[in-house]
Amino acid sequence: MANSKYEHVRKYELDDELLPGCYIVIRVDGKGFTKFSTLHNFEKPNDINALLLMDEAAKAVLVDYPDIRIAFGQSDEYSFVLHKNTAIYGRRSSKLVSLITSCFTSNYVRFWPQVMGEDRALKCSPTFDGRAVLYPSEELVKDYLSWRQVDTHINNQYNTCFWALVQQGNKTPAQAQEELRGSDAEFKNELLYSQFGINYNTLPEQFKKGSVVVMQRRKVVVKMTESGVPVEREKTEPTVLHCDIIRTEAGAFWAQNPDLLK
Ligand code: ATP
Ligand code: ATP
Ligand code: MG
Ligand code: MG
Ligand code: MG
Ligand code: MG
Ligand code: MG
């Protein structure tokens, strides 16, 4: 394309190439989802369909960006870990953050009717913020993911108590908050069990552990023959797991997936 006399304005754009050799974590988080979840009648503390919708949007991101090795989601957030040597978009921060955030957002909207149900229409446009964080070692990426999973557990335990006190204990939100102020994990487990008969350990793993998404090779049915026999083929597909990603000993997630971040 011919240069115009206005080409000089280009020089004002900043170079934002992310440091080489570092893992790139892009985290997206819903804007104002406390309000958004109320407006759309999310079940409290955990609306399963809303969590599944987040997982669908994340799976679509992994399909579009093969350099994402693992993603982790909870509540209204998702983290995507790109391989340390990825070269996509010249590792430009603004390109990566904006593309992954808008890919996630557009898929969240696209899958809404099918996951949330036709009777739960979108009443406003959900938006997500995005940021990039660099981690220079595999250990630090694992620590990052552990940090998010511990956060999932802490939030879920608090929210489960809070909503039990409000929904079943007839407490006002302010009273529930006051009762839980400064309490430790043991107190919360005991409160759930003695007052509401809830054994925290038996709640769904999806709520306690969040969602891990990785690409896995699996057999999938690609079509049916005329006589109705399923035709299977091996395909690499994004797979959602609700497993522990903190432990590293034999049999644990990282021991089973030693090359995921290599
Ligand atoms: P910000 O814009 O700063 O992120 P926010 O209101 O989104 O503000 P968060 O800390 O991100 O604040 O909290 C997310 C909110 O969305 C929480 O209130 C959480 O309970 C709610 N939420 C997200 N997913 C679900 C879900 N699946 N079921 C019920 N509530 C949910
Ligand atoms: P990149 O991902 O690098 O931006 P791109 O294919 O989007 O790649 P652009 O330079 O952004 O490249 O060009 C936008 C393309 O979309 C052009 O090919 C343009 O012709 C096409 N396009 C955009 N809007 C319209 C429109 N309203 N009508 C027809 N074509 C359009
Ligand atoms: Mg926030
Ligand atoms: Mg949020
Ligand atoms: Mg959040
Ligand atoms: Mg353009
Ligand atoms: Mg373009």
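A Cβ is built for glycine as well, from the same backbone N, Cα and C atoms used for every other residue.
What TrEMBL says about this one:
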- D29, G30, D76: Mg(2+) 1 binding site (BINDING)
- D29, D76: Mg(2+) 2 binding site (BINDING)
- S75, D76: GTP binding site (BINDING)
- 6-136: domain 'tRNAHis guanylyltransferase catalytic' (DOMAIN)
- 141-247: domain 'Thg1 C-terminal' (DOMAIN)
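Positions of TrEMBL features highlighted on the structure.
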| residue | record | Cβ neighbours (10 Å) |
| --- | --- | --- |
| D29 | Mg(2+) 1 binding site | 15 |
| G30 | Mg(2+) 1 binding site | 21 |
| S75 | GTP binding site | 20 |
| D76 | Mg(2+) 1 binding site | 21 |
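Of the recorded residues, S75 (GTP binding site) and D29 (Mg(2+) 1 binding site) place their C-alpha atoms 9 Å from one another. Candidate binding-site residues: G30, S75, D76. Those with a Cβ under 6 Å from ligand 4, in sequence order, are G30, D76.
Under the three-state DSSP scheme, D76 (Mg(2+) 1 binding site) falls in the coil class. Per-residue pLDDT, averaged across the domain 'tRNAHis guanylyltransferase catalytic' (6-136), gives 97.
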